[in-house]
Structure formats: C-alpha cells, structure tokens
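Trainee: Would you mind keeping the following structure in view while I ask a few things?
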Amino acid sequence: GIFVLGLPYALLHSGYSGLFLIILAAALCCYTGKILIACLYEENEDGQLMRVRDTYEDIANASCKKLFPRLGGIVVNVTQMMELIMTCILYLIVSGNLLSHSFPYVPVTEKTWSVIAFVTLLPCVFIKTLKIVSRLSQLCSLVHFIIILVVMTYCLTQTHQWSWAKFRLSIEFEDFLVSVGVIIFSYTSQIFLPTLEGNMKNPGEFRSMLNWTHFFACFLKSAFALTAFLTWGDETKEVITDNLPSFLQTLVNLCLLTKALLSYPLPFFAATEIAYACISRSNYRSPLFALGVRGSLLLLTLLMAMFVPHFALLMGLTGSVTGAAMTFLLPSLFHLKLKWKKLAFLEKCADISVFILGFLCSLAGIVCSIKGLLEVFG
C-alpha cells in the first residue's frame, strides 16, 4: 500500500530497531491472519475441519453468542465500515494531492482534482464480483513494483553517498511510536482475508500463500526502506517520492495516482459487501436498491474527502483504534474464545501476547493522534 512510501521516514525515527520492526510486524500480521481464518472452521464428528462461518462478523457473533448474540457482529461491522470508508476517502485525498503536484501550472484546487479523480471511479458502482477487483488489484501491484523499481534504481546509483552512520542509536519515544504505526499498518489485510480465503479455488493453500506473501512483502519493504534511507539520511521526507529529482518525481507521482485509483475498488467492494449482508437480513434485495447503496457509499467518500477538516489526523486516530483492533486485538481474542480447549499452552501465550501488544499500540496511537489534533485546533 501507499504506507510503504513512508517506511524510509519511519527508519529515520526508529533507527536499527525499525528494521527489526518491519520483520516483527510481518510475522505478527501473518500469524493473526492464520488464527482469524482458523476461527472460520470447526471439527465435525469425524475430526475433519469444516468451514462453518463465512465472515469476520460470523466469527464475532460465535464468540459472543452466550452473552450478546449480535453485539460482536455489530461491533465488527461498524469497525470494518469505518476503516474501509476512511481508506477510500484517503485514496481520493491522495489522488487530488498527486494531481495538483503533477500539474502545478493548471489553475485547479486540490479539491477539484479530487472530484476529477472521483469521476474516474464512478464505474465502481457496477462491480459485483471479487474477480474484477482481483484483476484491478493485480494491476495495482504491477504499478507498485514499477514505483519501487524506479526509486530503488535511483538509490542504487547513489551508493557512493551511503553511510551506516546515518542510522540513529538513540531515538525519541514519540517519534518511535509514529514509526510503529506506519510499519504495522503497511501490513494490515485481516479485513479482506475471510472473503479472500472463501473465494480461493484451493483454500488449503491459504496458509502457504500467507507465508510467502508476507515473506516477500517483508523482504521488499526492508530493501526499499533501507536503500532509500541510506541515500537521503536525515533529509528523508515523510513520503519518499518528495526526495526524488523533479524529472523522476512527476513520473512516480503519476504512477502513485494510478495506484491510488486502482486501490480504491478493494476497500469499496468490501464495504458494499458488509452493507449487503445487513440488507439481506431485511429480505430487500432489489438490484436497483443495491445500485443505490453502492452509489451512496461512493458519494459519501467524496463528500467526506471534500468537507472534513484535518482528515489525515482523524484517519490516524481512527486507524489507531480500528487498525489495531482488526489486526491484533480481535483475531487473538476470538481465537482464544473459540479454540481455548484445543490450544496448546504456547499458543495461548502467543495469543495473549499479541492481544497485549495490540492494545499498547492502539493506546499509543490514540494518544499521539489526539495530541496532534489538539495542537491543530489549539
């Protein structure tokens, strides 16, 4: 995701520990992805695993059925919708920002550019299957590789400037927390995993797929962050493409714009799927009504991108709560609740450790985000 472009900046504030965090975050997110999917299955009378649940909501309802049968699902759905809609809005804001920087001579405001980007996303209301989304995501990945290749190629031409002395040994705690947030949220994918696993031709390969994707993501992110930071050192900017020379910056910005627009359909599709799940309970499934729901969600993302002030800070606050909850807190909690009797002692310790770590990350992110909001409004 676009978070990757902030990894060199994260290394600037976390030093050597940042490289360790990139590896640790990959391992933890891979683990919580596996235990989340394990919660979809139960053993039948013959000892065979059967998929008895389909969504994150089903897992939450199963975990809370004794006390509050529907509360768990409602909390998960609200949390998912908040994060997905916020992500869609962020892509619109990023698109407007990239267009304004790519064409500074055009007398158009950032918000107007966001509206232009929004027009190109109107066909999203007609997306009905994950297959279309997966093809768009494949193109998104290709564009992402091009961006990384361009940046890393330029960095490799500057090896004569590299120095390991640029790494900090002493770091400030608050800056370190910002780095933790950027690194962890560059791996989050738990919201999409139940749907993804359910649509695989061979779900038995899910664990292997998760291992390989997180391994390659970790390797690429480490290499990308390291080469970029060694190239620019203390001059590393929040978004690394701002460090590139102007002739490359425009090219990469246009690639980033393409990536942002191609990234939008995945969270949008996931949000509409959650909305449909709620609609199906009311037995009202008119195709025209479904189209209206997709259109309304699409319009909502534009309106919030246009009129909500300081959205980036609000996104940080929301992400600290929803991101940590969906990635660490809930998967470990649900796994403990549903599989407690079958878990080994070390597995229970691992789940509890992940839960505590997720809680601390969430708390730290909330404190930093609220402090940032108070400074802006103060």
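Just so you know, glycine gets a Cβ as well, placed from its N, Cα and C.
Take a look at what TrEMBL says about it:
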| type | residues | note |
| --- | --- | --- |
| DOMAIN | 1-370 | domain 'Amino acid transporter transmembrane' |
| TRANSMEM | 20-41 | transmembrane segment |
| TRANSMEM | 71-93 | transmembrane segment |
| TRANSMEM | 113-130 | transmembrane segment |
| TRANSMEM | 142-164 | transmembrane segment |
| TRANSMEM | 176-196 | transmembrane segment |
| TRANSMEM | 208-231 | transmembrane segment |
| TRANSMEM | 251-276 | transmembrane segment |
| TRANSMEM | 288-307 | transmembrane segment |
| TRANSMEM | 313-334 | transmembrane segment |
| TRANSMEM | 354-374 | transmembrane segment |
Trainee: Under an 8 Å Cβ to Cβ limit, what residues of the same chain, 6 or more beyond the ends of the transmembrane segment (208-231), are close to it?
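Mentor: For the transmembrane segment (208-231), the far contacts come to 4, 7-8, 10-12, 18-19, 22-23, 26-27, 29-30, 33-34, 148, 151-152, 154-156, 158, 161-164, 166-167, 186-187, 200, 240, 243.
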Trainee: How about the transmembrane segment (20-41) and the transmembrane segment (113-130): do they have 3 or more C-beta pairs under 8 A, pairs 6 or more apart in sequence?
Mentor: no
Trainee: State the non-local partners of the transmembrane segment (176-196) in its own chain: residues 6+ outside its ends, Cβ under 8 Å from one of its Cβ atoms.
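Mentor: Cβ under 8 Å, 6 or more out: 1, 3-4, 6-7, 9-11, 13-14, 17-18, 21-22, 25-26, 29, 32-33, 36-37, 40, 53-56, 59, 80, 83-84, 130, 214, 217, 221, 266, 270, 273, 316, 319-320, 323-324, 326-327, 331, 361, 364-365, 368.
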Trainee: So which of 113-130, 251-276, 288-307, 354-374 has the most C-beta pairs under 8 Å when paired with the transmembrane segment (71-93)?
Mentor: 251-276
Trainee: When you scan the chain for residues with a C-beta under 8 Å from the transmembrane segment (251-276), skipping those not six or more beyond its ends, what do you find?
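Mentor: Answer is 1-2, 5, 57, 77, 80-81, 83-85, 87-88, 91-92, 94-95, 98-99, 101-102, 117, 120-121, 124, 127, 130, 132-133, 136-137, 139-140, 143-144, 146-147, 150-151, 191-192, 195, 241, 244, 290, 293-294, 297-298, 301.
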Trainee: So if I exclude everything within five residues of the ends of the transmembrane segment (288-307), which remaining residues of that chain have a CB under 8 angstroms from its CBs? That is, six or more out.
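Mentor: For the transmembrane segment (288-307), the far contacts come to 85, 88-89, 92-93, 96, 111, 114-115, 118, 121-122, 124-127, 268, 271-272, 275-276, 279.
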